[in-house]
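Novice: I grabbed these lines from TrEMBL:
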type	residues	note
BINDING	B:D93, B:L94, B:T95, B:R123, B:Q137, B:D141, B:R304, B:Y308, B:Y309	L-histidine binding site
DOMAIN	B:29-382	domain 'Aminoacyl-transfer RNA synthetases class-II family profile'
Protein chains: 2
Amino acid sequence: MSKPRKTPRPKAVTPKGFRDYFGADVSGRAAMLETIRAVYHRYGFDALETSAVETVEALGKFLPDVDRPNEGVFAWQESEEDGKGDWLALRYDLTAPLARVYAQHRNDLPTPYRRYAMGPVWRNEKPGPGRFRQFYQCDADTVGSASVAADAEICAMLADTLEAVGIERGDYVVRVNNRKVLNGVLETMGVQDAGQRDAVLRTIDKFDKVGEAGVRELLTTGRKDASGAFIDGVGLSDAQAAPVLAFLTSKAESADQTLENLRGAVGESATGAEGVTELEQIAALLDSQGYGPDRIVIDPSVVRGLGYYTGPVYEAELTFDILDEKGRKRQFGSVAGGGRYDDLVKRFIGQAVPATGVSIGVDRLLAALHAKGRAGTEEAGPVVVTVMDRNRMADYQAMAAELRQAGIRAEVYLGNPKNFGNQLKYADKRNSPVAVIAGSEEFERGVVQIKDLVLGAQIAQNATLEEWKERPSQFEAPRADLLARVREIVESRRE
Amino acid sequence: MSKPRKTPRPKAVTPKGFRDYFGADVSGRAAMLETIRAVYHRYGFDALETSAVETVEALGKFLPDVDRPNEGVFAWQESEEDGKGDWLALRYDLTAPLARVYAQHRNDLPTPYRRYAMGPVWRNEKPGPGRFRQFYQCDADTVGSASVAADAEICAMLADTLEAVGIERGDYVVRVNNRKVLNGVLETMGVQDAGQRDAVLRTIDKFDKVGEAGVRELLTTGRKDASGAFIDGVGLSDAQAAPVLAFLTSKAESADQTLENLRGAVGESATGAEGVTELEQIAALLDSQGYGPDRIVIDPSVVRGLGYYTGPVYEAELTFDILDEKGRKRQFGSVAGGGRYDDLVKRFIGQAVPATGVSIGVDRLLAALHAKGRAGTEEAGPVVVTVMDRNRMADYQAMAAELRQAGIRAEVYLGNPKNFGNQLKYADKRNSPVAVIAGSEEFERGVVQIKDLVLGAQIAQNATLEEWKERPSQFEAPRADLLARVREIVESRRE
């Protein structure tokens with residue numbers, strides 16, 4: 001009678017919405033983060049790294065009296081002894097921690113405080129295909145500057161960063177708008193009620209999909225959608241709807257014309273006029289630095305979801321087509337965004353602190369480079385020193401050490417050496433450029449066999465007999481020449 | 001009558017046991033991680049990055065029937081819809097995720113699977129001074145190799161890594177032991193009962209503190225400690241205690257003598273003999289590669305806390321003295337450790353998979369370098385282009401852009417420019433090497449003022465009048481020479 005197992009084996013699975021990254025995916029992201037970091041640093045931003053964990057109170061998305069405040073974030077309650085029962089949560093972005101840091105350390109920080117931050121953030125959302133609950137952001141913010149020069153600088157830096165990571169000019173555009181313009185439009189429309197205001201904002205977001213006529217219907221009496229279902233309108237009059245339609249259709253060939261159209265859309269609103277003036281200043285600053293409309297444009301359709309923006313908002317969009325999972329062409333879309341948020345620090349200290357900053361979605365940007373075929377998916381593996389004779393382990397290790405000391409990635413095969421075929425299969429799986437082979441006969445004669453694995457694979461695929469003879473993929477060399485001969489092969493691979 | 005505030009302001013504080021890292025602390029750690037990564041990579045290890053979040057089941061420290069399994073980890077329960085109410089937790093190390101990854105992906109991974117991983121881990125422990133609940137680890141493991149060459153390689157790599165990050169030879173030692181030797185000793189002692197076995201292991205850990213006589217007392221009849229309190233003994237006979245005492249005192253001048261002493265301590269135990277043989281092989285491999293006892297030693301006192309080790313265990317210790325918070329000299333102690341764990345993957349697949357690996361405590365290693373004065377604590381700030389005339393913002397930005405394009409870190413002052421003194425204070429706080437100054441008069445004459453801030457500070461401190469005259473810390477230059485003159489100063493700072 002077999003004994004029943006007491007506890008079933010644990011399942012070896014990543015939690016839903018999380019994933020593992022291997023090899024080139026990890027190093028590719030690390031290289032991109034380093035490239036972005038270098039640009040941010042050169043612009044004068046300093047590093048800041050906060051913990052993954054914040055108090056739910058500091059993150060501030062949630063009411064403290066909710067029983068289990070984990071909608072949107074991963075949250076848990078501290079035990080009474082350690083943390084007085086505080087609710088803690090994983091950060092959902094890098095901006096909320098920055099606001100907390102600035103409020104906490106403001107007396108010791110320079111003003112303005114310019115910092116960059118890179119790292120994962122977590123969202124407790126329903127996972128779906130391609131939607132992950134942990135992803136990387138890479139932010140730069142200037143806290144304590146009310147100048148639009150700070151906004152303009154971030155837009156310029158965003159363009160520089162995209163080019164630095166390999167997005168060519170013409171393949172991206174940074175679009176700039178200003179929340180004050182939109183607020184001016186709402187003022188002119190006479191929309192006071194918060195619910196109605198939100199409904200108008202949601203409708204503006206649909207402009208890309210339903211067009212001018214569709215937005216007019218949605219703002220007023222309602223609209224039949226493609227399926228025939230009737231969507232209730234917001235209930236505005238045609239006159240009320242006019243400014244928002246003027247706003248949405250204000251984008252013109254030139255920035256000057258766009259700005260003039262916006263002046264019309266905001267009517268008598270002082271806030272709106274201020275917003276247009278700021279956009280004008282940003283456009284002038286960028287223009288004088290050579291960031292023309294091929295890179296950065298004023299675009300009134302940029303709304304951006306987050307409610308906390310108070311002034312200029314900006315978004316970087318990749319403009320090339322990719323094929324989606326169903327093989328349909330579509331634009332890649334947004335990879336970065338940000339704007340001015342003057343009230344985030346106020347939550348803590350009761351005093352508004354002007355701030356502006358950008359967040360790059362690093363994983364999306366990597367996916368874009370992959371889609372364009374501009375990101376490496378394979379990494380060169382190590383030179384594999386195979387094991388023909390277990391008792392010669394020290395000699396094999398000495399070979400690997402010699403190669404490493406010369407900066408060549410190398411290792412001794414550490415699996416069971418019995419089946420030599422498995423060793424070559426291993427080298428193949430690791431994408432190794434070279435296998436080194438030495439048995440007792442080679443040791444006696446003071447030589448090694450060197451197998452050029454990349455050439456070997458090429459020859460196997462398409463070489464003629466003459467080429468095969470001329471450039472053999474495996475050859476013998478004196479032990480003393482091991483390093484030189486391996487280096488030749490490895491360096492030719494890099495060309 | 002003032003309106004009562006509805007919700008009190010949130011507190012701007014890091015949760016207990018967490019902290020923020022600024023500037024040089026962040027870049028110093030990034031530089032160290034990159035140095036370690038390069039060594040691991042050169043040894044043939046591939047990158048792996050898992051999520052911060054695992055199922056509690058996969059982490060496997062906890063019983064699934066515990067109501068709230070968050071002792072030791074930060075854990076929370078998924079909602080029923082999204083995750084079927086699974087318990088999730090932040091990883092507490094990088095080894096448990098590796099075991100899960102290997103079990104999950106083993107059909108696609110090479111065998112052996114050699115991976116490195118770097119990142120934060122989280123421990124839900126009572127925070128204390130200098131004890132943080134998030135810290136960095138940097139691991140390398142070989143999964144699927146039973147060869148002691150894999151263990152020896154990790155020890156050699158650990159020594160190389162410590163030297164690569166700036167710990168000089170002689171300031172560290174890698175100590176190697178083998179769990180099988182200890183198991184052999186326990187076998188020889190006839191200790192079968194698990195509770196008694198644990199008591200013996202705990203006693204061995206006290207050897208450093210109480211010495212040979214103290215351990216003998218604790219293993220047998222008990223001992224009066226320094227305060228006069230009586231500690232009960234484990235209750236072994238003197239004959240039973242003898243092998244463990246032989247084991248603890250087996251370290252000799254030479255590795256050969258130590259190994260001979262260990263052979264004596266394990267008596268007739270086959271497991272013990274196997275352990276000693278493995279140590280012998282490791283010592284021989286390392287010796288032939290030039291890792292002598294000045295770097296790596298066989299040391300029976302290495303036990304290591306984790307219960308999962310099954311063979312060789314190793315630990316890197318820094319041997320220099322530092323001053324503790326009370327100004328007392330003490331040794332810095334352990335900064336890395338690891339060993340062979342053949343059963344971690346077995347939890348998932350029911351089949352033992354031999355594995356060995358090391359974990360470097362990066363934050364402790366950084367603290368050690370700080371204590372030795374070998375880690376930078378200040379970073380050079382950006383060149384600050386000051387703002388004398390708000391209408392010239394585009395010109396100031398052009399200056400900063402020109403410097404950046406030449407690779408020089410630079411920014412325009414973005415705070416309120418009204419008070420010029422604040423601008424220089426800002427540059428000072430940012431540790432800037434240079435401030436650039438240009439008002440309308442300078443623009444008219446096509447010149448800029450360049451202020452060498454480091455030299456200025458030096459002169460202010462200790463220059464004679466002659467020196468002051470000879471090398472002024474502020475000078476005028478044609479606008480066209482801005483880059484060249486700033487570069488001179490910045491480059492002289494680097495020397």
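Even glycines carry a Cβ here, placed using N, Cα and C.
TrEMBL does not curate its annotations; it predicts them automatically.
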Novice: Mean pLDDT, the domain 'Aminoacyl-transfer RNA synthetases class-II family profile' (B:29-382)?
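Specialist: Mean pLDDT for the domain 'Aminoacyl-transfer RNA synthetases class-II family profile' (B:29-382): 89.
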Novice: When you measure from the Cβ of B:T95 (L-histidine binding site), which residues in the chain that are at least 6 apart have a Cβ under 8 Å away?
Specialist: B:D139, B:D141, B:Y341, B:L344, B:G357, B:S359
Novice: Give me the non-local Cβ neighbours of B:Y309 (L-histidine binding site): same chain, 6+ apart in sequence, Cβ-Cβ under 8 Å, ordered along the sequence.
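Specialist: The list for B:Y309 (L-histidine binding site) reads B:R179, B:G339, B:R340, B:Y341, given in order along the sequence.
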Novice: Which number gives the other C-beta atoms within 10 angstroms of the C-beta of B:Q137 (L-histidine binding site), all protein chains shown included?
Specialist: 21
Novice: Are there any residues at least 6 positions away along the chain from B:D93 (L-histidine binding site) with a Cβ closer than 8 Å to its Cβ? List them or say none.
Specialist: B:V121, B:Q137, B:S359
Novice: Which of the three DSSP-derived classes (helix, strand, coil) applies to B:T95 (L-histidine binding site)?
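Specialist: Reduced to three states, the DSSP call for B:T95 (L-histidine binding site) is helix.
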